[in-house]
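**Q** One structure follows; several queries about it will come next.
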Amino acid sequence: MLPNVTTELPGHQNSTANSTGVFDWEPFSYYYSPWRELQLVWVTICMTLGTCGNTAVLLTIASVEELRTPGNALLCILAVADILQVISKCPMMIWLMARQQTLPCENNGLLCLHFLYLTGSLFSVNIIGPISLDRYWYICYPLKYSSIMTRARTACLAALPLLVTVTIVILPFFEPGAGEFYFFPPYVSCKYTGPVKRGRQAAINSGYGIVVLTMLFCYFKIWREVRRQQARHRQLLPQALTAVDSGQSELTGTTRQIRLSSVDGGSESQQESPDTTGQMNRQVSVTSLSARLCDSPSSAGQKCGSKPSNKVAPARIWSAALQKVPSEFKQRMKTATTILLVIGVYFITWLPYFVVILRSAKWGDEASSSSDGPWQRFAMLFSLISAFSNPIIYTRNRQFRQGLLRLFRCRN
């Protein structure tokens with residue numbers, strides 16, 4: 001059984017009711033020109049970009065084998081939540097703006113859309129925590145990442161926030177006859193008035209706080225790992241260049257000594273000294289370094305068994321040394337930066353929404369006034385940016401861009 005529903009707003013706001021006793025909700029609808037047209041255009045753009053963009057993300061990751069990773073699986077789940085968010089909220093908004101009529105919450109279809117939107121919006125925020133943990137393990141434990149992010153653990157990381165979200169959403173159904181739903185025009189949704197409302201809001205706020213703390217912890221650890229890798233690179237690069245320079249000079253001196261000894265006929269036998277041992281060690285280091293450089297992309301066209309030249313340009317030495325920076329670490333950092341952009345956009349776009357919700361939860365709808373309506377409507381519309389921004393951010397990934405282009409070519 002569904003809880004009781006009504007189309008009236010509670011509290012002293014009913015003092016604005018007309019002679020029939022029905023609440024005059026028109027000041028809260030904002031469907032007068034030019035705001036009506038602007039809202040219609042904005043909601044249509046959000047619904048189109050959110051649906052098409054996130055569907056393209058799902059198809060691209062499914063078609064490119066290199067993108068089928070545990071982290072991208074979590075991003076696919078996030079894309080599904082964004083699609084649920086736009087297809088459940090935007091049609092209600094378009095109906096309200098086009099028909100300019102109230103949406104009755106006694107309609108089971110409207111309640112289903114409301115619960116879908118609430119599930120998608122809450123889950124899209126709660127899944128940020130597992131995504132941050134995935135990037136933390138990917139950056140800080142690259143050798144253990146495949147054993148940490150197994151299929152079972154990925155499923156658990158996705159199922160936990162989903163379970164919390166569904167529990168919060170269906171709480172009113174465990175409170176029969178104690179509350180009712182009423183249509184709230186600023187949010188274009190149904191609101192619940194039962195005693196469990198405050199407990200549900202506290203659960204939402206707690207989940208939001210846990211996600212923020214998880215994100216801060218993970219990216220603080222990632223920042224420390226980046227600093228550690230940079231410090232290690234600064235220490236190893238001068239040592240490698242010094243070894244190359246000293247090895248080249250000793251190699252030239254040894255060649256000259258061999259030529260002089262061949263002219264003399266080899267009458268004098270040379271004994272090994274500490275200097276000679278140092279020269280041999282440095283030559284070994286140069287040989288090993290040149291062997292490693294043969295495996296680099298810059299020396300792919302050269303034959304590794306060729307004799308080293310005595311004259312090596314400093315620019316080539318610098319280029320070869322710089323190529324020793326792990327390219328895999330750079331790739332991991334780029335993916336972490338992409339996810340950080342996704343998280344940043346999410347929290348920026350959802351911050352006004354959480355502010356107005358916290359204010360409403362603290363003072364109650366009874367203390368609301370007509371001046372709160374514009375801010376509440378703006379917060380709801382502004383939060384829709386998070387539903388279509390992720391596919392735009394994902395285009396920073398070269399593999400994703402190439403897969404998306406191949407997808408469009410196949411469709412054409």
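For all residues, glycine too, the Cβ spot is worked out from N, Cα and C.
According to TrEMBL, the protein carries these features:
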type	residues	note
TRANSMEM	40-61	transmembrane segment
DOMAIN	53-394	domain 'G-protein coupled receptors family 1 profile'
TRANSMEM	73-95	transmembrane segment
TRANSMEM	115-133	transmembrane segment
TRANSMEM	154-174	transmembrane segment
TRANSMEM	202-222	transmembrane segment
REGION	261-281	region 'Disordered'
COMPBIAS	267-281	compositional bias 'Polar residues'
TRANSMEM	339-358	transmembrane segment
TRANSMEM	378-396	transmembrane segment
**Q** How about the transmembrane segment (73-95) and the transmembrane segment (154-174): at least 3 CB pairs under 8 Å, pairs 6 or more apart in sequence, or not?
**A** yes
**Q** For the transmembrane segment (339-358), could you work out the same-chain residues 6 or more beyond its ends whose Cβ comes under 8 Å from its Cβ atoms?
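**A** Long-range Cβ neighbours of the transmembrane segment (339-358): 71, 124-125, 128, 131-132, 135, 201, 204-205, 208, 212, 215, 219, 372, 375-376, 378-380, 382-386, 389-390, 393, 396.
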**Q** Under 8 angstroms for C-beta pairs, at least 3 of them, ignoring pairs fewer than 6 apart in sequence. Is the transmembrane segment (154-174) in contact with the transmembrane segment (115-133) by that rule?
**A** yes
**Q** Please compute the mean pLDDT of the model over the domain 'G-protein coupled receptors family 1 profile' (53-394).
**A** 75
